[in-house]
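Copied from TrEMBL, the annotated features are:
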| type | residues | note |
| --- | --- | --- |
| TRANSMEM | 45-63 | transmembrane segment |
| TRANSMEM | 83-105 | transmembrane segment |
| TRANSMEM | 112-134 | transmembrane segment |
| TRANSMEM | 140-163 | transmembrane segment |
| TRANSMEM | 175-196 | transmembrane segment |
| TRANSMEM | 208-230 | transmembrane segment |
| TRANSMEM | 242-263 | transmembrane segment |
| TRANSMEM | 306-326 | transmembrane segment |
| REGION | 336-365 | region 'Disordered' |
| COMPBIAS | 336-347 | compositional bias 'Basic and acidic residues' |
Amino acid sequence: MQTYLLSQQFNTRSLAENSTACPANATICSGTSCVLPEDNFNETLSVILSTVLTIMLALVMFSMGCNVDIKKFWGHIKRPWGIFVGFLCQFGIMPLTAFLLSLAFNVLPIQAVVVLIMGCCPGGTASNVIAYWVDGDMDLSISMTTCSTLFAMGMMPLCLFIYTKMWTDSNAIVLPYDSIGISLVALIIPVSFGMYVNYRWPSKAKVILKIGSIVGAILIVLIAVVGGILYKGSWIISPKLWIIGTIFPAAGYSLGFFLARIAGLSWHRCRTVSLETGMQNTQLCSTIVQLSFTPEQLELMFTFPLIYSIFQLLFALLILGGYRLYRKHRVKTKTDVEKTEEKEDSKSTSSHAKINGGFVSNETK
């Protein structure tokens, strides 16, 4: 009887352990937290979605280029004050903010490194779409994205060397220069075609721009959804990383806007710099993380780029909604003021005409 009870307890314990154990094919496993390799369906889905998203992104950047004036774009290159302010935000504010957040929350060294990698990444192309919807300076937005991606070749290793040496050897971080180069080419070529279309056929460019801006808005949401499907790994990570992933993009938007305003940029350029600062190239961060760390290390910070991506999108949509409400109220108020002024002008004109026998001078017309 005692042997039977012991056997029953052993079987019960084995079933409990098996029910909570990770599958045998898990690449990362810690209790119930598992990261599974992609199965054939997921691999096929990944290829199809990557192809579709790449084509859509190229079309969106082509349409964004249709809103870029060659002369104004070249003006930003020749007098790069706005680009310089954006450069300070991108490779000055963001890495420093990442460093301070990592210290403040006292995260693990490997988690601090992924936060710093995110802070050192160049701006993402989604910022160009949002900049269009908030009436930003598209010429500045495109030039900032292009220049930050180009400067990332040298600035990312420098920033990582400066900020990560207290946690890890910067040589252990693999920078995918080929991915940065591909991002640069994928940005420059469609934008250049769009700029040419805007130069040759301005009326057609406006139609393409309207369609592309709508497709771009859909694409941003689609990328976030696809990320959730393909990165179905462990979401049970440190709450500190969730908090940092929430604060970091908000700090980027705010500090970028204030620095641009202090630098004397106009309001629409401040909005542009703000978006370019807060919206990072999260795909590049994910690539660097997966190339640089072991599966055991990835468990501690695997989903941070996706967390940042979600919250940078959420705050960008809040900025867009707030701006649209402000613009609607401001335009309405401005229209009412103009109507009042027109009535007052017409009254003064009629009274002036009565005094002068019906004669109205050219100055009052």
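Just so you know, glycine gets a Cβ as well, placed from its N, Cα and C.
Curation plays no part in TrEMBL annotations; they are all automatic predictions.
Between the transmembrane segment (83-105) and the listed ranges 140-163, 175-196, 242-263, 306-326, the one holding the most Cβ pairs under 8 Å is 242-263.
Counted as Cβ pairs under 8 Å, contacts with the transmembrane segment (242-263) are highest for 306-326 among 112-134, 140-163, 175-196, 306-326. Where the transmembrane segment (175-196) meets the stretches 112-134, 140-163, 306-326, the count of C-beta pairs under 8 angstroms peaks at 140-163.
Within the chain, the transmembrane segment (112-134) has long-range Cβ neighbours (under 8 A, six or more residues past its boundaries) at 57, 60-61, 64, 67, 86, 90-91, 94-99, 101-102, 141-142, 144-145, 148-149, 151-152, 155-156, 159-160, 163-164, 167-168, 173, 180, 183, 187, 209, 213, 216-217, 219-220, 223, 241, 244, 248, 271-272, 275-285, 288-289, 301, 304-305, 308, 313, 316, 319-320, 323.
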